[in-house]
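The block underneath contains the structure these notes are about, expressed in structure tokens.
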Amino acid sequence: MQGSPGRTPMPNTRLLVLFGSQTGTAQDVSERLSREAWRRELGCRVQALDSYPVVNLINEPLVIFVCATTGQGEPPDNMKNFWRFIFRRNLPSTSLCQMDFAVLGLGDSSYAKFNFVAKKLHRRLLQLGGSALLPVCLGDDQHELGPDATIDPWLHDLWEKVLGPHPLPLDLSLTPPGVPWPSKFTLKFLQEVPSTCSEELCVTGTDPQGPPSELQPFLAPMVTNQRVTGPSHFQDVRLIEFDITGSGVRALGVPHSFVAGDVVLIQPENTASHVQQFCQVLGLDPDQHFTLQPRELGVLCPARLPQPCSIQRLVSQYLDIASVPRRSFFELLACLSCHELEREKLLELSSAQGQEDLCEYCTRPRRTVLEVLCDFPHTAGAIPPDYLLDLIPLIRPRAFSIASSLLAHPSRLQILVAVVQYQTRLKEPRRGLCSNWLASLDPGQGPVRVPLWVRPGGLTFPKTPDTPVIVVGPGTGVAPFRAAIQERVAQGEAGNVLFFGCRQRDQDFYWEAEWTELQTRGCLTLVTAFSREQEQKVYVQHRLRELGPLVWGLLDLRGAHFYLAGNAKYMPADVSDALTSIFQEEGGLSGPAAAAYLARLQRTLRFQTETWA
């Protein structure tokens, strides 16, 4: 059911954008909505869902919900309270009858519950009497052009619905170069340099209250940083161990220490050379100190940013100059540019018609914010410092599956990190910010501390004793399963089957000795697939098919849970195909019945996945 075609809000309609964001993408999209509303002379407020008084929704005429889906179809942390409230059974069916709404979802189609939160929220808002302006938008991380491939046309239709017969000229070529949207903050530069110790205390804290969090991470001493792939292997993979003694580290919302399936979040930094290059191209003094002041009431300064702060610290620890910029970055650059040739090119890249050009210049080669600024030096040198936080996203924490159990390694937390480095057509190799930063840290050269905290992950393991688990973890996808197997073995649970795949036994067989020892003790059934050790490549899905009777017996007769973690490109679909074949061959099910059996496993969380692009 859609909103009545006759309802056409005037351009001065109050617009509210509410977001639920886990990694920051939904917040970025929400701020884009705010900017586009400003260009259309619409008043707009943007808030995280859990910071908005949800009972006030009954008075809102127009609301856009921007929601990510995490894990196995879960809402992000900053909308869970809203989620519980909106699904109360006692809410009247006319609660939102005065509200027009639209829902924009962000998800990953490699997961079974693709955009589950957005779809379910859309249905619930209709049940409560809301009128949908548009069908739900389903942004997909797996699309070649990213979520924008779906979001762009959806937003075009949204503004037509919102504005009705009152469209405004939106072509950026009609916007004077000196009229960008107002910056969210002003930087007030200080004449005197404050003491560095006060700035340091604002960042780290020395007496944490409660468990570590993004606002107050624990500075964990790094104990070891060991390469675990062979010297001739193409990829550098590290086993990194932290000492969390006295940290109070535990998963958010969990009253005890972290468990298998939880993740650790790590806050990385830019390299010193990149910080120096950035300051040079923008003409900034890295030693200059400033305070940040919001331009409008209700706009909060970034919680982690100390006040006062130096430009060097801002760029090093807060601005993600190593990220690939979104289209709004080019749009703002074009508005700020007074260089005719550079501005013309920026306008092309920021237009809806130039999406393919933007993808070719920026997205496919993974060109970074810093590299783009270096390509447009006249524009970069004229950027007002007030716009730094509008132009460049904050560095987001990176999540890693915890690869150890406290039952096996008390007061320790281990992660398995593949150092991201690959070549595109650009001369400089592409490097992952966090993985390369972690790899550069050497506790053997002196004390190293890394800011971290823990939250629940997307995988939950059975609490009932004697429930077998089948885990499929090729490559670094095995990390969360090491924590699970260590935990289960410590609790006396021996029904553990691990399918592990890698290229070569002597190059990237992570924890070989540990798995072998557990298998000898009867605590683990280990099945390996070394893809490059024979002429015909062998992967985990091939081993699953070979052991079909074992897999079917455990799933159908013993109620086993099945888990999969690893790269999202081909492997998850191949494993799912292998399972449906097993259900047909060993269980005698028809094709549709085998697909329904797999769907039932997913729905009841007996089949869970954790994949990444």
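Any Cβ shown, glycine's included, is placed from N, Cα and C.
Any TrEMBL annotation is an automated prediction that lacks curation.
For reference, TrEMBL has these:
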- 15-159: domain 'Flavodoxin-like' (DOMAIN)
- 21-26, 68-71, 106-115, ASP141: FMN binding site (BINDING)
- 215-463: domain 'FAD-binding FR-type' (DOMAIN)
- ARG366, ARG398, ALA399, PHE400, SER401, GLY432, LEU433, CYS434, SER435, TRP612: FAD binding site (BINDING)
- THR476, SER531, ARG532, LYS537, VAL538, TYR539, VAL540, GLN541, ASP574: NADP(+) binding site (BINDING)
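The number of other CB atoms found within 10 A of the CB of ARG366 (FAD binding site), across every protein chain shown, is 15. In this structure, the binding-site residues under consideration are ALA68, ALA399, LEU433, VAL538, VAL540, and the one with the smallest number of other Cβ atoms within 10 Å of its Cβ is VAL538.
Mean predicted confidence for the domain 'FAD-binding FR-type' (215-463): the pLDDT average there is 91. All protein chains shown were included, and the count of other CB atoms within 10 Å of the CB of GLY71 (FMN binding site) stands at 21. ARG532 (NADP(+) binding site) has SER401 as its nearest neighbour among the binding-site residues SER21, ASP108, PHE114, SER401, going by CA to CA distance. Per DSSP, the secondary structure of the domain 'Flavodoxin-like' (15-159) breaks down as 58 helix, 34 strand, 53 coil. Least crowded of the binding-site residues (TYR111, PHE114), judged by neighbouring Cβ atoms within 10 Å of its own Cβ: PHE114.
Listed in sequence order, the residues of the same chain lying 6 or more apart from THR476 (NADP(+) binding site) and placing their CB within less than 8 Å of its CB are VAL237, LEU416, VAL417, ALA418, TYR510, GLY566. The two recorded residues, SER401 (FAD binding site) and GLY71 (FMN binding site), have Cα atoms 12 Å apart. Counting other C-beta atoms within 10 Å of each candidate's C-beta, the binding-site residues SER401, SER435 are led by SER401. Sequence-distant contacts of SER21 (FMN binding site), defined as residues of its own chain at least six apart whose C-beta falls under 8 angstroms from its C-beta, comprise GLN27, SER30, ALA48, VAL66, ALA68, PRO76, ASN78. Here LEU433 (FAD binding site) is compared against the binding-site residues ASP108, PHE114, VAL540, and the shortest C-alpha distance is to ASP108.
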